[in-house]
Amino acid sequence: MVCGGFACSKNCLCALNLLYTLVSLLLIGIAAWGIGFGLISSLRVVGVVIAVGIFLFLIALVGLIGAVKHHQVLLFFYMIILLLVFIVQFSVSCACLALNQEQQGQLLEVGWNNTASARNDIQRNLNCCGFRSVNPNDTCLASCVKSDHSCSPCAPIIGEYAGEVLRFVGGIGLFFSFTEILGVWLTYRYRNQKDPRANPSAFL
(Lines of atoms letter the chains of each structure in order from A and count residues from 1; the text may use other names and numbers.)
(Lines give C-alpha, C1' and ligand atoms only; values in the text may rest on other atoms or scores of the structure.)
Protein backbone atom coordinates (compact mmCIF):
# COMPACT_ATOMS: atom_id res chain seq x y z
CA MET A 1 0.00 0.00 0.00
CA VAL A 2 1.32 3.42 -0.91
CA CYS A 3 1.93 5.91 1.88
CA GLY A 4 -0.81 8.15 0.58
CA GLY A 5 -3.38 5.55 1.61
CA PHE A 6 -5.77 5.79 4.54
CA ALA A 7 -3.96 3.29 6.78
CA CYS A 8 -0.53 4.81 6.17
CA SER A 9 -1.75 8.34 6.89
CA LYS A 10 -3.41 7.13 10.08
CA ASN A 11 -0.30 5.27 11.25
CA CYS A 12 2.00 8.22 10.50
CA LEU A 13 -0.29 10.61 12.39
CA CYS A 14 -0.48 8.25 15.36
CA ALA A 15 3.31 7.86 15.41
CA LEU A 16 3.80 11.64 15.27
CA ASN A 17 1.45 12.18 18.20
CA LEU A 18 3.13 9.41 20.19
CA LEU A 19 6.40 11.31 19.66
CA TYR A 20 4.77 14.50 20.97
CA THR A 21 3.45 12.54 23.97
CA LEU A 22 6.94 11.26 24.80
CA VAL A 23 8.40 14.77 24.48
CA SER A 24 5.71 16.23 26.75
CA LEU A 25 6.31 13.58 29.41
CA LEU A 26 10.04 14.19 29.11
CA LEU A 27 9.55 17.93 29.71
CA ILE A 28 7.39 17.30 32.78
CA GLY A 29 9.87 14.71 34.07
CA ILE A 30 12.88 17.02 33.62
CA ALA A 31 11.11 19.84 35.47
CA ALA A 32 10.16 17.52 38.34
CA TRP A 33 13.69 16.07 38.44
CA GLY A 34 15.26 19.53 38.50
CA ILE A 35 13.19 20.76 41.42
CA GLY A 36 13.38 17.40 43.22
CA PHE A 37 17.19 17.40 43.24
CA GLY A 38 17.42 21.09 44.09
CA LEU A 39 18.92 22.10 40.75
CA ILE A 40 16.09 24.57 40.09
CA SER A 41 14.39 26.49 42.87
CA SER A 42 12.44 28.89 40.65
CA LEU A 43 8.81 27.80 40.70
CA ARG A 44 8.14 30.15 37.79
CA VAL A 45 10.62 28.36 35.53
CA VAL A 46 9.40 24.92 36.60
CA GLY A 47 5.78 26.02 36.20
CA VAL A 48 6.39 27.24 32.64
CA VAL A 49 8.14 23.99 31.62
CA ILE A 50 5.40 21.84 33.17
CA ALA A 51 2.68 24.00 31.56
CA VAL A 52 4.33 23.58 28.14
CA GLY A 53 4.57 19.83 28.72
CA ILE A 54 0.89 19.55 29.70
CA PHE A 55 -0.16 21.70 26.73
CA LEU A 56 1.83 19.51 24.33
CA PHE A 57 0.41 16.37 25.95
CA LEU A 58 -3.16 17.62 25.47
CA ILE A 59 -2.49 18.50 21.83
CA ALA A 60 -1.00 15.05 21.23
CA LEU A 61 -3.97 13.41 22.97
CA VAL A 62 -6.45 15.29 20.77
CA GLY A 63 -4.48 14.34 17.66
CA LEU A 64 -4.18 10.70 18.72
CA ILE A 65 -7.89 10.31 19.48
CA GLY A 66 -8.81 12.13 16.27
CA ALA A 67 -6.50 9.89 14.23
CA VAL A 68 -7.70 6.62 15.78
CA LYS A 69 -11.39 7.48 15.49
CA HIS A 70 -11.06 9.53 12.28
CA HIS A 71 -13.02 12.23 14.11
CA GLN A 72 -13.55 15.18 11.78
CA VAL A 73 -14.06 17.86 14.44
CA LEU A 74 -11.08 16.81 16.58
CA LEU A 75 -8.85 16.60 13.52
CA PHE A 76 -9.94 20.08 12.41
CA PHE A 77 -9.17 21.72 15.77
CA TYR A 78 -5.94 19.72 16.05
CA MET A 79 -4.85 21.01 12.64
CA ILE A 80 -5.63 24.64 13.55
CA ILE A 81 -3.88 24.48 16.96
CA LEU A 82 -0.85 22.74 15.45
CA LEU A 83 -0.60 25.44 12.78
CA LEU A 84 -0.68 28.20 15.42
CA VAL A 85 1.96 26.39 17.48
CA PHE A 86 4.11 26.06 14.35
CA ILE A 87 3.95 29.82 13.70
CA VAL A 88 4.92 30.70 17.28
CA GLN A 89 7.63 28.05 17.58
CA PHE A 90 9.16 28.81 14.19
CA SER A 91 9.33 32.53 15.05
CA VAL A 92 10.94 31.87 18.45
CA SER A 93 13.44 29.41 16.94
CA CYS A 94 14.50 31.89 14.26
CA ALA A 95 14.87 34.60 16.93
CA CYS A 96 17.11 32.30 19.01
CA LEU A 97 19.35 31.66 16.02
CA ALA A 98 19.45 35.33 14.97
CA LEU A 99 20.48 36.87 18.33
CA ASN A 100 24.00 38.33 18.37
CA GLN A 101 26.22 38.50 21.46
CA GLU A 102 25.13 42.00 22.43
CA GLN A 103 21.45 41.07 22.23
CA GLN A 104 22.13 37.89 24.17
CA GLY A 105 23.80 39.92 26.92
CA GLN A 106 20.88 42.34 27.14
CA LEU A 107 18.38 39.49 27.27
CA LEU A 108 20.35 37.68 29.97
CA GLU A 109 20.61 40.85 32.04
CA VAL A 110 16.85 41.39 31.90
CA GLY A 111 16.29 37.82 33.05
CA TRP A 112 18.94 38.21 35.74
CA ASN A 113 17.25 41.28 37.21
CA ASN A 114 13.74 39.83 37.13
CA THR A 115 14.23 36.33 38.60
CA ALA A 116 15.78 36.28 42.07
CA SER A 117 15.47 32.51 42.59
CA ALA A 118 17.03 31.69 39.20
CA ARG A 119 19.78 34.21 39.95
CA ASN A 120 20.57 32.41 43.21
CA ASP A 121 20.65 29.05 41.40
CA ILE A 122 23.11 30.38 38.82
CA GLN A 123 25.39 31.91 41.45
CA ARG A 124 25.38 28.71 43.48
CA ASN A 125 25.91 26.30 40.55
CA LEU A 126 28.44 28.39 38.59
CA ASN A 127 30.24 29.71 41.71
CA CYS A 128 30.01 33.39 40.72
CA CYS A 129 28.51 36.58 42.13
CA GLY A 130 26.76 39.49 40.44
CA PHE A 131 26.09 39.84 36.75
CA ARG A 132 28.71 42.22 35.35
CA SER A 133 30.41 43.12 38.63
CA VAL A 134 30.58 41.78 42.18
CA ASN A 135 28.67 43.87 44.71
CA PRO A 136 29.72 42.99 48.29
CA ASN A 137 26.41 44.32 49.62
CA ASP A 138 24.33 41.82 47.63
CA THR A 139 23.47 38.37 48.95
CA CYS A 140 25.41 35.66 47.13
CA LEU A 141 25.10 31.91 47.70
CA ALA A 142 28.27 30.95 45.82
CA SER A 143 30.89 28.96 47.70
CA CYS A 144 33.60 31.42 46.66
CA VAL A 145 32.16 33.94 49.15
CA LYS A 146 33.07 31.66 52.06
CA SER A 147 36.55 30.89 50.74
CA ASP A 148 39.58 33.11 50.38
CA HIS A 149 39.23 33.18 46.58
CA SER A 150 37.65 36.25 45.04
CA CYS A 151 34.38 35.70 43.19
CA SER A 152 34.02 36.36 39.47
CA PRO A 153 30.96 38.01 37.88
CA CYS A 154 28.51 35.65 36.22
CA ALA A 155 28.06 37.41 32.86
CA PRO A 156 31.27 36.07 31.23
CA ILE A 157 30.56 32.54 32.46
CA ILE A 158 26.96 32.58 31.28
CA GLY A 159 28.02 34.16 27.99
CA GLU A 160 30.20 31.15 27.18
CA TYR A 161 27.18 28.87 27.21
CA ALA A 162 24.42 31.25 26.08
CA GLY A 163 25.29 31.09 22.38
CA GLU A 164 25.52 27.29 22.37
CA VAL A 165 22.27 26.94 24.30
CA LEU A 166 20.42 29.33 21.98
CA ARG A 167 21.72 27.51 18.90
CA PHE A 168 20.70 24.17 20.41
CA VAL A 169 17.24 25.44 21.39
CA GLY A 170 16.80 27.11 17.99
CA GLY A 171 17.81 23.95 16.14
CA ILE A 172 15.53 21.71 18.19
CA GLY A 173 12.72 24.24 17.78
CA LEU A 174 13.15 24.29 14.00
CA PHE A 175 13.14 20.49 13.88
CA PHE A 176 9.87 20.28 15.78
CA SER A 177 8.46 23.16 13.74
CA PHE A 178 8.89 21.10 10.59
CA THR A 179 7.33 18.06 12.28
CA GLU A 180 4.36 20.27 13.17
CA ILE A 181 3.88 21.48 9.61
CA LEU A 182 4.18 17.82 8.55
CA GLY A 183 1.46 17.03 11.09
CA VAL A 184 -0.78 19.74 9.63
CA TRP A 185 -0.30 18.32 6.13
CA LEU A 186 -0.91 14.73 7.28
CA THR A 187 -4.02 15.77 9.19
CA TYR A 188 -5.40 17.65 6.19
CA ARG A 189 -4.87 14.63 3.91
CA TYR A 190 -6.14 12.11 6.43
CA ARG A 191 -9.23 14.18 7.27
CA ASN A 192 -10.29 14.24 3.61
CA GLN A 193 -9.75 10.52 3.05
CA LYS A 194 -12.60 8.04 3.31
CA ASP A 195 -12.34 5.20 5.79
CA PRO A 196 -12.45 1.99 3.69
CA ARG A 197 -14.09 0.16 6.60
CA ALA A 198 -16.95 2.66 6.82
CA ASN A 199 -20.35 2.24 5.21
CA PRO A 200 -19.95 3.39 1.57
CA SER A 201 -23.31 5.17 1.73
CA ALA A 202 -22.38 7.05 4.95
CA PHE A 203 -21.69 10.77 4.73
CA LEU A 204 -18.09 11.77 5.48
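Any Cβ shown, glycine's included, is placed from N, Cα and C.
According to DSSP, N113 (N-linked glycosylation site) is assigned to a helical segment. N113 (N-linked glycosylation site) counts 10 other C-beta atoms within 10 Å of its own C-beta, drawing on all protein chains shown. The annotation N-linked glycosylation site is assigned in Swiss-Prot to N113 (among others) on the grounds of sequence analysis.
Residues or ranges marked as N-linked glycosylation site by Swiss-Prot: N137 (among others). For N137 (N-linked glycosylation site), the number of other Cβ atoms no farther than 10 Å from its own Cβ, over all displayed protein chains, is 4. DSSP assigns N137 (N-linked glycosylation site) to coil in the three-state reduction, outside any helix or strand.
Residues annotated as phosphoserine in Swiss-Prot, with similarity to another entry given as evidence: S143. Non-local neighbourhood of S143 (phosphoserine): R124, N127, each in the same chain, at least six residues away, with C-beta under 8 Å from its C-beta.
What Swiss-Prot records for 1-19 (among others) is topological domain 'Cytoplasmic'.
Here Swiss-Prot flags 41-44 (among others) as topological domain 'Extracellular', drawing on sequence analysis.
What Swiss-Prot lists as topological domain 'Cytoplasmic' is 66-72 (among others), and the listing cites sequence analysis. The average pLDDT the prediction assigns to the topological domain 'Cytoplasmic' (66-72) is 90.
Per DSSP, the secondary structure of the topological domain 'Extracellular' (94-167) breaks down as 47 helix, 0 strand, 27 coil. Annotated topological domain 'Extracellular' per Swiss-Prot: 94-167 (among others), in sequence order, evidence recorded as sequence analysis.
Marked as topological domain 'Cytoplasmic' by Swiss-Prot on the basis of sequence analysis: 189-204 (among others).
Sequence annotations record features per position, and here Swiss-Prot assigns transmembrane segment to 20-40 (among others) based on sequence analysis.
Annotation comment: Swiss-Prot describes 45-65 (among others) as transmembrane segment.
The feature transmembrane segment is assigned by Swiss-Prot to 73-93 (among others), with sequence analysis given as support.
Only residues 6 or more beyond the boundaries of the transmembrane segment (168-188), in the same chain, are considered here, and those with a CB under 8 A from a CB of the stretch are 9, 12-13, 16-17, 19, 23, 63, 66, 75, 78-79, 82-83, 85-86, 89-90, 92-97. Marked as transmembrane segment by Swiss-Prot on the basis of sequence analysis: 168-188 (among others).
Look at the topological domain 'Cytoplasmic' (66-72): DSSP puts its residues at 5 helix, 0 strand, 2 coil.
Listed by sequence, the residues of this chain that lie at least six past the ends of the transmembrane segment (45-65) yet keep a Cβ under 8 A from its Cβ atoms are 13-14, 16-18, 20-21, 23-28, 30-32, 34-35, 71, 74-75, 77-78, 81-82, 85, 115, 118, 183, 187.
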